[in-house]
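Beneath this line is the structure, given in structure tokens, with notes to follow.
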Amino acid sequence: MLPPCLTERTGETERFIADYDTFLLDCDGVIWSGNEAILGVAKTIQSLENAGKRMIFVTNNSTESRSHQLAQLQKFGISCSIEQIFTSGYCTAIYLSQILNQRSQTQKSVFVIGNPAIVSELSEAGLSVIDPSTDAYFSEEVVLGHFEKIATGTPLHSDVGAVVVGMDLKFNYLKLCHAMHYIRNGALFIATNTDSTFPIFDTVFPAAGFISAALSHTLDVKPRVMGKPSQLMMEVVKKRYDLNLRRTCMVGDRLDTDIRFGVEGGLGGTLLVLTGVCGEDDLKKAEKNAEEGTLLPTAFARSFSVLDTEDEVSGLE
């Protein structure tokens, strides 16, 4: 049986809202899609905050720093502080700053396959970062000599304690080779997230997960995943915001990341919105496969805007 579908200003929707003090909101696919705000969501967030609800923005997007996410939220009419924003890149920085401080002084650097946002978050956390995207060596055409040098360790840094893999639009074979050998030499293998795709322009494109999957397949080793649905992220979020899990609801557009994150994390509820990756057909398919372990949300809605508590009409068209 499908979970209930919430609609504007019904008793069921009002009871759903009353059950929670904190909402963890995914961003892309919930608040905006591509460069467009999803209609009515900014006002809904304001109305829920006016009703005493706390909003925390939890995103797997590692291509943007928290400050950039803050600017994006403000652009779409959402007033919040940077302390309400939690990205997979920021989670990675918090986690690694704790873990690497416990390791040998000779294993403190982080090799990053990612983007400037991840590099920025790691650097701001006080970590020493090796960014191959700024090194012309990693743009060279790969020849036999590269393999020989990597095999002997000549171009490898001796102090790398972790390899962080996120979304890298300049990902290439040479970066993969270096990351592989760092991990073989004992570096931690960290993935900011394992999302397979991201939605934009009414379709989807490969996301960061394809890069970590390539490295994982090469090494036959699974990464420690920082983004949803990883419970490493839940533990960091829970501690940082002092969450009462039973009074917290996860809102997202993906069953495999957002909803699984909330269910496996023991949250009081989860809400799937149909404004992003998953549609009603995906929900029906998941319902049919529920006995096989597919996770279903507590409820679903065609948009987060149906939770607007102030207007008789949410503004949906």
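Using the three backbone atoms N, Cα and C, a Cβ is placed for every residue, glycine included.
Per TrEMBL, the features are as follows:
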ACT_SITE  Asp26  active site, nucleophile
ACT_SITE  Asp28  active site, proton donor
BINDING   Asp26, Asp28, Asp253  Mg(2+) binding site
BINDING   Lys228  substrate binding site
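Features recorded in TrEMBL, as mapped to the structure shown.
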residue	record	DSSP (3 states)
Asp26	active site, nucleophile	coil
Lys228	substrate binding site	coil
Asp253	Mg(2+) binding site	coil
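The number of other CB atoms found within 10 A of the CB of the residue listed as 'active site, nucleophile', across every protein chain shown, is 25. Taking the C-alpha positions, the distance from Asp28 (active site, proton donor) to Lys228 (substrate binding site) comes to 13 Å. Other than Asp26, Asp28, Asp253, the residues of this chain whose Cβ falls within 8 Å of the Cβ centroid of the Mg(2+) site are, in sequence order, Cys27, Gly29, Val30, Ile31, Thr59, Pro199, Gly252, Arg254, Asp258, Val273, Gly276, Val277.
Rounded to a whole value, the Cα-Cα separation of Lys228 (substrate binding site) and the residue listed as 'active site, nucleophile' is 10 Å.
Sequence-distant contacts of Asp253 (Mg(2+) binding site), defined by Cβ-Cβ distance under 8 angstroms and a gap of at least six in the same chain, are Asp26, Asp28, Gly29, Val30, Pro199, Leu272, Val273, Leu274, Thr275, Gly276, Val277, Cys278.
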